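Peer 1: Features from Swiss-Prot:
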type: REPEAT; residues: 22-61; note: repeat 'WD 1'
type: REPEAT; residues: 87-128; note: repeat 'WD 2'
type: REPEAT; residues: 171-209; note: repeat 'WD 3'
type: REPEAT; residues: 220-260; note: repeat 'WD 4'
type: REPEAT; residues: 279-317; note: repeat 'WD 5'
type: REPEAT; residues: 334-375; note: repeat 'WD 6'
type: REPEAT; residues: 410-446; note: repeat 'WD 7'
Amino acid sequence: MGEDTDTRKINHSFLRDHSYVTEADVISTVEFNHTGELLATGDKGGRVVIFQREPESKNAPHSQGEYDVYSTFQSHEPEFDYLKSLEIEEKINKIKWLPQQNAAHSLLSTNDKTIKLWKITERDKRPEGYNLKDEEGKLKDLSTVTSLQVPVLKPMDLMVEVSPRRTFANGHTYHINSISVNSDCETYMSADDLRINLWHLAITDRSFNIVDIKPANMEDLTEVITASEFHPHHCNLFVYSSSKGSLRLCDMRAAALCDKHSKLFEEPEDPSNRSFFSEIISSVSDVKFSHSGRYMLTRDYLTVKVWDLNMEARPIETYQVHDYLRSKLCSLYESDCIFDKFECAWNGSDSVIMTGAYNNFFRMFDRNTKRDVTLEASRESSKPRAVLKPRRVCVGGKRRRDDISVDSLDFTKKILHTAWHPAENIIAIAATNNLYIFQDKVNSDMH
């Protein structure tokens, strides 16, 4: 990053509608697969759209890094819980890719209650020349069969097939907020407000409850689970975050029920900063292990923090995302914006972190140089192949020409969901119903 931030450019954006936004079109999750060749998005209408990276060609060297629609399918439908008289939204809360084992790809998608496993396969050949069936698959009249032939495979237009493999239901009383695939490639966990369940990918009718923070009396409830994730290398370790701002690292080798954590990561509160909003803004909305497994990244309302697994007392790094909003917490509380759940992401080398903000802004922080940049994802400022200009929010006093004042920020335009390519400087940004894909100009010019 550093000097290179000004040369970050947009490749293209996927715009679903130019005139108005329907609620169903709003993107609710973004996820690269383990190679970065595929990118999946889920929306509030229960749809999953998969994008595939274009192969680099000699004729069009600038196409390197571009993504095209690969497949679209309906993952979840709206349902109704007759026992509780509750509607279950079709909105896709999370998508997680499984490590690729063969030519097919697999992913998990979840709404509030049900997790589904999908298999994505390609077909570019079809069998022809059957002896007992015609081209449409109907049985021939045997009296007309005078000779035998060997069936052959003929090329055909590429067809992407998405098929449901398994449905994991009835595991959660409360709304599922996160799913995470284990490094053993056989199990995954799902978390709701009060419980975390461990599933085997091959078994749909039962799961093991590994965390349960539900008190005997619900009036004694003081915190809820907000996010959880498995360690990238140690299949026995996982972390979950809470609405009180704490992180609990658990070891499944210690006990079947991990109510007693191995480590508690919590930053002591500064009494001088105590206010009515302190607990709300300290709630962790996302937690991500670094690729190395040494660090954890958390996002609360105003900051992103980096934690070392070997130091529980406080984070080793704290970055202010939009500290200028501290004076506006009252109005943000009244509009419910203070409860927005922003995600965070690491780059492939764990040296840069990214998270979203309001006004379609997103922030990047370089951990080595300590430099940061604010960029904007919008149709107005982002033409294909245009260089993204850093933006600056002005709190008061003198304003530069391109500065934007805090009072003119649009809080309906928010970047909640972001993803970073696992190896390259390619990022995906969800802005309401638009998906933007950016890549580093320096990175692309090297090829």
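Positions of Cβ are set from backbone N, Cα and C atoms, glycine also.
Note that this is a predicted model, so its numbers are computed, not measured.
Neighbours and distances for these, please.
Peer 2: Note on the repeat 'WD 1' (22-61): residues 14, 16, 67-78, 89-97, 99-100, 105, 107, 109, 111, 118, 120, 417-424, 426, 428-430, 432-435, 437, 447 of its chain, located 6 or more positions outside it, place their CB under 8 angstroms from a CB of the stretch.
Sequence-remote contacts of a segment are chain residues at least 6 beyond its ends whose Cβ falls under 8 Å from one of its Cβ atoms, and for the repeat 'WD 2' (87-128) they are 28-35, 38, 40-48, 50, 71, 73, 75-81, 135, 151-169, 171-172, 175-181, 185, 188, 190, 199, 201.
Note on the repeat 'WD 3' (171-209): residues 93-94, 96-99, 101, 108, 110-113, 115, 117, 221, 224-235, 238, 240, 252, 256-258 of its chain, located 6 or more positions outside it, place their CB under 8 angstroms from a CB of the stretch.
Taking DSSP states H, G and I as helix and E and B as strand, the repeat 'WD 4' (220-260) has 1 helix, 17 strand, 23 coil.
Residues 226-234, 239-247, 249, 263-269, 323, 325-326, 329, 333, 338-346, 348-350, 353, 355, 365, 367, 422 of the same chain lie 6 or more positions beyond the ends of the repeat 'WD 5' (279-317) yet place their CB under 8 Å from a CB of it.
Sequence-distant contacts of the repeat 'WD 6' (334-375) (same chain, six or more residues past either end, CB-CB distance under 8 Å): 1-2, 5, 8, 226, 277, 280-281, 285-286, 288, 290-292, 294-295, 297-299, 301, 304, 306, 317, 319, 321-322, 325, 388, 390-393, 404, 409-411, 413-425, 427, 429, 431, 438.
The predicted model assigns the repeat 'WD 7' (410-446) a mean pLDDT of 86.
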Peer 1: Within the same chain, where does the repeat 'WD 4' (220-260) have neighbours whose Cβ lies under 8 angstroms from its own Cβ atoms, ignoring anything closer than 6 residues to its ends? I mean 6 or more beyond.
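Peer 2: That would be 177-178, 180-184, 187-189, 191-196, 198, 208-214, 266-267, 279, 282-291, 293, 296, 298, 300, 307, 309, 341.
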Peer 1: Treating G and I as helix alongside H, and B as strand alongside E, what does DSSP give for the repeat 'WD 5' (279-317) in helix, strand and coil?
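Peer 2: Summed over the repeat 'WD 5' (279-317), the classes give 4 helix, 16 strand, 19 coil.
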